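Peer 1: The structure that follows is given in the form of structure tokens.
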Amino acid sequence: MNIYAVGGAIRDALLGVPVQDRDYVVVGATPEQMAAQGFRPVGKDFPVFLHPDTQEEYALARTERKTAAGYHGFQFYYAPDVTLDEDLARRDLTINAMAREVSPDGTLIGPVIDPFDGQADLRARVFRHVSDAFVEDPVRILRIARFAARFADFTVADETLALMRRMVDAGEADALVPERVWQEIARGLMEATPSRMFDVLRECGALARVLPEVDALWGVPQRADYHPEVDTGVHVMMVVDYAAKQGYSLPVRFAALTHDLGKATTPADVLPRHVGHEGRSVELIKPLCERLRVPNECRDLALVVAREHGNLHRVMEMGAAALVRLFERSDALRKPARFAEMLQACESDARGRLGLDTQPYPQAERLRVALVAARSVDAGAIARGIGNDAMQIKDAVHRARIDAVKQALAIAE
């Protein structure tokens, strides 16, 4: 039995970046031998085991053969006679098809095993497929795009990009299960430069298949006085990258991605103006989230940001009454943490514009001050002083919040 560290752990160590994934391949072993050494089986389709002490994953060396469309359409073969090179040959990219032997005490020993010249591609900053078997798994299209978001200075080899385009043309991207699409998109959004993921997906044609609502944004003009970058797709990518640079959460980054979807449906005769795009964005976000089974916290923030981002940008012109109505519509009084994420998404929108990434956004501080004041109103005490008239209570609480916001803004100014 020989154990090897493979894939991302070797790649990241060679790049000098923190190792995010540790995967191990076991050559020359049977499931029974693994169990006898205390490893716990967890794999459904092929033998994967958890180490008894570290709980890291160890997989038996295997080969695979495509038997049907989609992510699950594979038949696996594993046996003690499967070699390390055979296991590495089934991997997606040359930079992920390297290994080093692991000693009994867990340290890496010996040279890097690199049958497909992954080290050369690392030096050249190139994503290159290992073999034509790449076409058998459409998830690999999404994975390359996600890697591009992590390693923004890498490019996709011409022959690999051509292969990805052929896969898309053959309908392989249409066979992707929604949960896996969301998983990869979400992981890419959380990388350092999410826009690179969408660049790669656009280049191979996959974005139009998995996120047509986003793909439609490129080529849609905006007013240059508000958006020096003009193109809506370019703007949205700048917004997402700004949110990533600030380290914002996945819900904020997803809201950044989707806040302007409605601009793609603006009638051509009114361009570059986009009156009413907020409501149209909401109507596109709903089915998108249902289709990809987007988590509720991401969907809910995306919807409220899409609906209200224009209003948040205009809060310097709003009085106390309008601010309180905004808080009530956006449920900020009950969910201040979500409202804080709304501010982050809207700040990203304001600064995700050509040459404006450091412009002041005083709207955020005005809203923070106003919300603290509105939430300081003791609705329970007001209710007790009025009795059982629900409408009268609601009106009194509303007016008290307006008064509190007026006072707070007067002090702040």
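Placed from the backbone N, Cα and C atoms, the Cβ positions cover glycine too.
The shown structure was predicted, so the numbers you read here are calculated from the model rather than taken from an experiment.
Per Swiss-Prot, the feature ATP binding site maps to GLY8, ARG11, ARG91, ARG143, ARG146; the stated evidence is sequence analysis. Positions annotated as CTP binding site by Swiss-Prot: GLY8, ARG11, ARG91, ARG143, ARG146. The Mg(2+) binding site annotation in Swiss-Prot covers ASP21, ASP23 and is backed by sequence analysis. Residues or ranges marked as domain 'HD' by Swiss-Prot on the basis of sequence analysis: 232-333.
Provide an account of the burial state, proximal residues and distances for the features listed.
Peer 2: Taking a C-beta cut-off of under 8 angstroms and a sequence separation of 6 or more, ARG11 (ATP binding site) has the following same-chain neighbours: ILE95, ASN96, MET98, GLY118, LEU122. Annotation note: ARG11 (ATP binding site) sits in a helical segment as assigned by DSSP.
Counting every protein chain shown, the Cβ of ASP23 (Mg(2+) binding site) has 18 other Cβ atoms within 10 Å.
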Peer 1: In the structure shown, with every protein chain counted, which of the binding-site residues ARG91, ARG143, ARG146 has the densest set of Cβ atoms within 10 angstroms of its Cβ?
Peer 2: ARG146
Peer 1: Roughly how wide, in whole Å, is the group GLY8, ARG11, ARG91, ARG143, ARG146 that binds ATP, by largest Cα to Cα distance?
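Peer 2: If we measure all Cα pairs in GLY8, ARG11, ARG91, ARG143, ARG146, the largest is 16 Å.
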Peer 1: Return only the integer: C-alpha distance in Å from GLY8 (ATP binding site) to ASP21 (Mg(2+) binding site).
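Peer 2: Counting only the Cα atoms, the answer is 6 Å.
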Peer 1: Other than GLY8, ARG11, ARG91, ARG143, ARG146, which residues of the same chain sit close to CTP? List them in sequence order, counting a residue when its Cβ is within 8 Å of the Cβ centroid of the site.
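Peer 2: Filtered neighbour residues, in order: GLY7, ASP21, ASP92, LEU93, ILE95, ASN96, PHE147.
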Peer 1: Once the DSSP letters are reduced so that anything not helix or strand counts as coil, what is ASP23 (Mg(2+) binding site)?
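Peer 2: Note: ASP23 (Mg(2+) binding site) is in a strand by DSSP.
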